[in-house]
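Here is what Swiss-Prot records for this protein:
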type	residues	note
DISULFID	CYS186-CYS197	disulfide bond
DISULFID	CYS193-CYS206	disulfide bond
DISULFID	CYS208-CYS221	disulfide bond
DOMAIN	182-222	domain 'EGF-like'
DOMAIN	267-516	domain 'ZP'
CARBOHYD	ASN89	N-linked glycosylation site
CARBOHYD	ASN116	N-linked glycosylation site
CARBOHYD	ASN299	N-linked glycosylation site
REGION	520-547	region 'Disordered'
SIGNAL	1-19	signal peptide
Amino acid sequence: MPQLLLLACLLIIVTRVAPRALDPCSAYISLNEPWRNTEHQFDESRGSPLCDNSVDGEWYRFTGMAGDAMPTFCIPENHCGTHAPVWLNGSHPLEGDGIVQRQACASFNGNCCLWNTTVEVKSCPGGYYVYRLTKPSVCFHVYCGHFYDICDDDCHGSCLGTSECTCAPGTVLGPDRQTCFDENECEQNNGGCSEICVNLKNSYRCECGIGRVLRSDGKTCEDIEGCHNNNGGCSHSCLTSETGYQCECPRGLVLSEDNHTCQVPVFCKSNTIEVSIPRDLVGGLELFLTNTSCRGVSNGTHVNILFSLKTCGTVVDVVNDKIVASNLVTGLPKQTPGSSGDIIIRTSKLLIPVTCEFPRLYTISEGYVPNLRNTPLEIMSRSHGIFPFTLEIFKDHEFEEPYREALPTLKLRDSLYFGIEPLVHVNGLESLVESCFATPTSKIDEIMKYYIIQDGCVSDDSVKQYTSRDHLAKHFQVPVFKFVGKDHKEVFLHCRVLVCGMLDERSRCAQGCHRRVRREASTEGEDASGPRSQMLTGGPISIDWED
């Protein structure tokens with residue numbers, strides 16, 4: 001009877017020699033555009049809003065008419081040459097602090113931090129700052145610069161010899177001992193606010209979450225008891241009931257997860273993103289995406305916009321444990337500016353940020369069986385989806401023609417060609433097959449497992465990995481085998497795939513083969529806070545092992 005032969009592990013160690021890092025205080029890119037300054041207010045009649053889509057993880061310094069440094073207070077929307085200006089939500093570091101991380105926030109629609117990301121900041125010996133800025137996940141976002149006041153007249157004591165400048169209330173003296181920077185009151189005890197503290201220029205304010213309002217002290221929050229108080233916190237309709245109140249949305253809109261805000265439904269699929277907007281909400285407006293050639297099509301009741309991860313100016317980025325695809329629906333009046341057809345006050349336009357989130361980590365399972373259903377991973381939801389991966393069984397080592405309707409019955413010592421295939425080819429992303437294992441049943445938690453790949457390393461030296469032009473695709477060849485026992489005539493494959501950004505040298509994908517000293521007791525289990533896994537089950541692989 002054929003037996004399962006366990007082969008020796010092959011450990012491949014790749015040593016990288018990192019180039020010597022340059023000091024960002026002397027190796028930076030200057031941002032000197034005048035429209036970046038906080039004093040520059042965006043005017044719709046003079047052009048389109050700008051977007052920092054060329055900023056991509058380098059070190060930058062604000063110079064010239066752009067300003068001295070990033071503002072550390074909330075900037076109103078429609079400033080810095082764009083709709084959503086980005087400011088630094090935290091104080092600048094001292095020179096001795098080295099490189100620190102700070103949150104950067106984009107202001108829009110009355111929310112000082114509607115979108116946020118993490119940037120790095122360093123104080124340089126010349127009295128200036130440099131910033132490592134990430135590319136915004138959506139447009140229209142611009143990193144702002146600001147001119148801070150120079151304190152060269154007001155001094156403590158004698159101004160002869162060693163003078164010490166003083167700054168106005170709400171500001172602090174910078175490291176150059178001349179510039180007055182805004183003081184971030186929110187960094188100390190949250191500004192005394194019970195919930196949200198928003199730093200403003202030379203001041204701050206307290207805010208409350210959805211369904212809550214500030215008390216008269218301006219610092220503590222209390223629950224909204226019903227629709228009579230600020231419409232119950234509802235963005236649209238508030239209905240009173242015997243047990244309390246509830247928010248409702250107009251026809252065609254859906255209630256968001258906060259149960260107070262109505263929003264346009266977004267359908268995130270594996271290969272398409274669809275936005276469906278009720279026509280009566282956008283009457284007189286022409287809708288288009290970041291790439292203005294992608295426009296909405298009306299079906300009589302709704303205006304629908306269909307696009308993919310690679311089209312219409314969609315920005316794809318890796319954020320923590322998710323792949324985030326973003327775009328912006330813009331609606332402009334078909335009439336002349338300022339006409340009664342405008343439905344958005346102040347901007348005379350409709351702006352709908354569209355975001356789909358896809359988990360980075362997948363577990364996909366497959367086997368060989370006639371009439372195999374090999375559908376791509378796919379979930380339809382308002383704002384979440386599954387990045388389109390599928391596990392394919394190929395006919396040969398060219399990995400060009402997969403089996404579709406029927407799969408052959410394989411014999412021992414035949415070669416099995418399989419691959420992890422993306423159905424959408426997106427630049428800037430790469431994948432890592434963290435693990436592949438076989439089981440005699442379709443259960444992923446089957447006790448009997450045989451690892452082909454583990455911790456990103458090939459565990460069986462009979463396995464061959466092929467290179468691919470697509471950084472998201474992975475191809476493998478393995479000799480056909482079966483599990484010990486006459487009843488085990490089937491084999492199922494399960495692979496766990498992780499998606500990363502190609503430019504992130506510290507990502508798990510960049511580490512490649514990475515054997516852990518001690519494996520956790522439940523390797524295939526997922527921590528509740530970790531990346532989510534999705535399952536695609538097929539199979540089984542039928543083995544003809546009779547001679």
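Cβ coordinates are placed from backbone N, Cα and C, and glycine is handled just like the others.
On the structure: features taken from Swiss-Prot.
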residue : record                      : Cβ neighbours (10 Å)
ASN89   : N-linked glycosylation site : 22
ASN116  : N-linked glycosylation site : 13
CYS186  : disulfide bond              : 23
CYS193  : disulfide bond              : 21
CYS197  : disulfide bond              : 20
CYS206  : disulfide bond              : 21
CYS208  : disulfide bond              : 19
CYS221  : disulfide bond              : 18
ASN299  : N-linked glycosylation site : 9
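Across the range of the domain 'EGF-like' (182-222), the DSSP-based residue counts are 7 helix, 16 strand, 18 coil.
Within 10 Å of ASN89 (N-linked glycosylation site), counting CA to CA, the recorded positions ASN116, CYS186, CYS206, CYS221 contribute ASN116, CYS186. Distance noted between the C-alpha atoms of CYS208 (disulfide bond) and CYS197 (disulfide bond) is 9 Å. Confidence annotation: the domain 'EGF-like' (182-222) carries a mean pLDDT of 87 in the model. For CYS186 (disulfide bond), the recorded positions whose C-alpha atoms fall inside a 10 Å radius of its own C-alpha are CYS193, CYS206, out of ASN116, CYS193, CYS206, CYS221, ASN299. Take the Cα of CYS197 (disulfide bond) and measure to each of the recorded positions ASN116, CYS206, ASN299: the nearest one is CYS206.
Cα spacing between ASN116 (N-linked glycosylation site) and CYS206 (disulfide bond): 19 Å, rounded to the nearest whole number.
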